[in-house]
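Single-structure report; data block below.
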Amino acid sequence: MGFGQVVIGPPGSGKTVYCNGMSQFLQSIGRKVSIINLDPSNENIPYEPAVNIQELIDFQTVVNETDLGPNGGLIFCMEYLEKNLDWLKEKLLPLKDHYIIFDCPGQVELYTHYKIISNILDNIMKWSFRLTVIQVFDSFYCKNPSNFISILLVSLSGMVRIELPHINVLSKMDLIEQNGPLDFNLDFYTDVLDLKYLDAFLDKDPRLKKYSKLNKAIAGVIEDFSLVSFIPLNIMDKKSVANLIASIDKSNGYIYGSLDTNTAILEIQERETQWNFDKYQETQEKYYKSYEDDDVIFENDQDEDYDEFSKYLNR
């Protein structure tokens, strides 16, 4: 049984940086990790992929020979992979004892309008891999209410169309207030609290006023499903990464892979309860310059707390 992550999200959200950083962190705590590059247009790969779709099909050749644009060429490449899954299976099966990270393309339509990625993942699951989909979004989108609603809609669409455990991530948390303070506390964005509070901010901007009814209708759909939430992440902060890994391991079952007795499950549940107490309070205090308690100061390196996570992650 293999375990891993499928990393998706819009262009510029930091997927490849996430894959590279996550791989380094997991290797540092003793896991064997392999990254699978499924993005045929990814020209600057900072890691050494164990499997690379570019060995199967060349994106630039497709674009030149078919006269397709970038998006059309990418869809062509992914459809070609879907028709040649035996190639992928042959590459993946020897890696079952590795923790697998799939670096996927950033074109949103692959997840919202096509079944290509979903079909590929369905087949990978049949090969005895247990996966969690990680949707990565730039925390910059929290700054604008309309942009925030758009990533909520993309998140919901991906969760509905790809039938796997999902975790949505707000990346680049260290830069979240680079363009000014946010309108709400962090938990409003991570837990997707009452979106009606966004109405006043949507009506403020004259450019968005004509879309006010549309935005409110979309917000209503998101609240009706009540599926979307986010985990904040700074990939350079080991405590932040460890928090995310704890959630991922629970969602795909990795956390239970080494259990010998039923009592160990109770120990894990107790530990999860302790970790989830005010789980994002520290992140808010650390990265929100406008946070109301200005006297609270946290050091970047919290080795004592991190050791507790390491004990769990090395199980």
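Note that Cβ sites are derived from N, Cα and C of the backbone, with glycine treated the same way.
The structure displayed is predicted, hence computed values, not measured ones.
Annotated features, as they stand in Swiss-Prot:
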type	residues	note
BINDING	Gly12, Ser13, Gly14, Lys15, Thr16, Val17, Ser171, Lys172, Met173, Asp174	GTP binding site
SITE	Asn71	site 'Stabilizes the phosphate intermediate'
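Within 10 Å of the C-beta atom of Gly12 (GTP binding site) sit 10 other C-beta atoms, taking all shown protein chains into account.
In this view, the densest Cβ surroundings among the recorded positions Thr16, Asn71, Ser171 belong to Ser171, judged by other Cβ atoms lying within 10 Å. Cα spacing between Gly12 (GTP binding site) and Asn71 (site 'Stabilizes the phosphate intermediate'): 15 Å, rounded to the nearest whole number. Looking at Asn71 (site 'Stabilizes the phosphate intermediate') and Ser171 (GTP binding site), their Cα atoms lie 24 Å from each other. The Cβ of Gly14 (GTP binding site) has Val136, Asp138, Ser171, Lys172, Ile235 as same-chain neighbours under 8 Å, each 6 or more residues away in sequence. The record assigns Gly12, Ser13, Gly14, Lys15, Thr16, Val17, Ser171, Lys172, Met173, Asp174 to the GTP site; their largest pairwise CA distance measures 17 Å.
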